[in-house]
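**Q** One structure, pasted below without further comment.
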Amino acid sequence: SAFVGSITGLPYSLNQAGLPLGLFLLVLVAFITDYSIILLIKGGNLSGTNSYQSLVHSTFGITGFLVLSLLQFLYPFIAMISYNIITGDTLTKVFQRLPGVGPGHILSERHFVIAVSTILFTLPLSLFRNISKLGKVSLLSMVLTVFILITVIIRAATLGPHIPPTENAWVFARWNAIQAVGVMSFAFICHHNSFMIYGSLKEQNLSNWSRVTHMSVGSAMIVSILFAATGYATFTGYTQGDIFENYCGNDDLATFGRFCFGISIITTFPLECFVTREVVSNVFFKGSLNNHAHVAVTLLIVAACTALSLAYDCLGIVLVLNGVVSATPLIFIIPSACYLKLSTERWFQGENRIPCLILIAGVFVMTTGLIMAVMFPQDCSHGAEMFYCATSNLSISPTPPTELLFQNSTQNSR
């Protein structure tokens, strides 16, 4: 579910890491995700537990359980904030293509759009008690992701050649690579429902689970690489935290992409809400919510998310923080730590070598990424048209690159 929501941030991660290093890191994060999902189930088998929470509870006691619960709450909670920010950014631009909706119109006001989409769509969908009711909805968001990918690929071919690449656009590596790993981790995380999916398999064994994991992570990796590379190649150094912020307002194909993305985000939101509510229920209500508590907790979570997304609107930093603070420990650190504690072999020997390396990498990414996110906050051009859009309808009749270069140099000299 997180994959759909953070896919438009992947080109931005290549902007942070540099294209070659970024693609290498993307593949590496996919491999580590794949490995750690299998490691989780191995840990579950070793400890005789059947959920992420009970696994951590049995290995690290109540402290481990509470730390995990906090991370498992934070991760989808921050994701929901980013989904609201995206809804506000994306749908306002869709509405602005409607006749009579100008910049001053209420439908182009992001606060209004976020509030209305919350009240009409995300809140009612989030109130479902049973996650299986949302199955068709998540299928829809996967289909829409394919449409979004096609949009980005077409525009890489048609729009890309008319946007001059920035200086050092194809450099091997950039110093912000650690933060990029955060954004990538955010895209791949699916550990909170691994045990649920494992439990739904007809044959519950490691080889079957490994096959399912390889297929799903592998396909997510291919889509990620395509999306990140084509998105970054189109806009190089101008790439924003949400790639749809880069396309011009009058670009009808991008408007279609924005519409698909907006719908897929609205339908993904309830899945994240389900996870946060489950954590609250496990920690404070011993795992069962009556109807009143169910409604109250859902309202509280959705209201808090909406309030924060109305107050704060920069997506890039939200993705980075969620990646380094919650996704990295959930993918890199905790599954490895549980397995190492349960394993009878010594650290750095035999099968324990890889979990040790992943654990060290996770601690490094988390601490360095957090320090960098605080010390070097990203600037965020929000809702503004990019400079290349000013040149006569670029989406329809492309201008010669010389004019663009001139505009760009005046932009930089200001």
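Cβ coordinates are placed from backbone N, Cα and C, and glycine is handled just like the others.
As annotated by TrEMBL, domain 'Amino acid transporter transmembrane' applies to 8-374. Sequence annotations record features per position, and here TrEMBL assigns transmembrane segment to 20-41, 62-86, 106-125, 137-157, 177-201, 213-235, 255-275, 295-312, 318-342, 354-376.
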**Q** Assess whether the transmembrane segment (354-376) lies in contact with the transmembrane segment (255-275), where contact requires at least three Cβ pairs under 8 Å among residues 6 or more apart in sequence.
**A** no
**Q** Between the transmembrane segment (295-312) and the stretches 20-41, 62-86, 213-235, work out which stretch tops the count of Cβ pairs under 8 Å.
**A** 62-86
**Q** Taking the transmembrane segment (318-342) as reference, which of 20-41, 62-86, 137-157, 213-235, 255-275 has the most Cβ pairs under 8 angstroms?
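**A** Ranking 20-41, 62-86, 137-157, 213-235, 255-275 by Cβ pairs under 8 Å to the transmembrane segment (318-342) puts 62-86 first.
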**Q** Determine whether the transmembrane segment (255-275) and the transmembrane segment (137-157) share at least three Cβ pairs under 8 Å, counting only pairs 6 or more apart in sequence.
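**A** When sequence-distant Cβ pairs are counted, the transmembrane segment (137-157) touches the transmembrane segment (255-275), since at least 3 lie under 8 Å.
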